[in-house]
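Worksheet for the structure shown next.
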Amino acid sequence: MKSLNRQTVSRFRKLSVPAAIMMLLSTIISGIGTFLHYREELMPSACANGWIQYDKHCYLDTNIKMSTDNAVYQCRKLRARLPRPDTRHLRVLFSIFYKDYWVSLKKTNDKWLDINNDKDIDISKLTNFKQLNSTTDSEACYIYKSGKLVKTVCKSTQSVLCVKRFYK
């Protein structure tokens with residue numbers, strides 16, 4: 001192997017500094033480009049586009065009016081559910097969206113159900129328990145209207161808001 005003289009070594013050093021700088025800049029720019037391209041995978045947002053974030057939940061106004069059965073189906077397609085009647089977020093949702101919307105409360109044959117999962121609900125824990133308990137209808141669904149749960153016909157069409165937890 002032939003050894004290099006001092007001048008050649010000096011030339012390589014002089015050429016190596018700009019080459020190293022170019023390589024460093026190239027690596028940084030490539031890293032930034034990769035980050036921007038894969039931003040959603042690397043740093044997912046809590047809520048998808050169109051969903052509104054509030055207190056570890058994402059809310060979507062579907063801008064559709066439909067019956068309770070269709071509303072539940074629509075929210076399930078979005079991997080979400082109707083708002084529960086016992087959540088403290090109902091008033092906040094009303095102030096954000098400013099419309100009446102379905103909640104997941106239904107009375108069927110004197111049983112109170114969460115229509116998201118067909119499980120029984122203890123209505124004594126709800127804020128307007130006395131008003132709900134006085135309902136004599138065998139079947140009724142409920143909307144949230146101006147700070148209250150209001151009885152309505154299940155087949156009527158009302159606004160649909162869907163809710164889901166972050167990162168689900």
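Even glycines carry a Cβ here, placed using N, Cα and C.
For 15-37, the entry in Swiss-Prot reads transmembrane segment. Residues or ranges marked as disulfide bond by Swiss-Prot: C75-C162, C141-C154. According to Swiss-Prot, the feature N-linked glycosylation site maps to N133, an assignment based on sequence analysis.
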Quick check on the disulfide-bonded residues: of C75, C141, C154, C162, whose CB has the lowest count of neighbouring CB atoms inside 10 Å? C154
Helix, strand or coil at C154 (disulfide bond) [DSSP, three-state]: coil
Fill in the CA-CA distance, C141 (disulfide bond) to C75 (disulfide bond), as an integer in Å. 17
Spacing of the two Cα atoms, C75 (disulfide bond) and C154 (disulfide bond), in whole angstrom, works out to 16
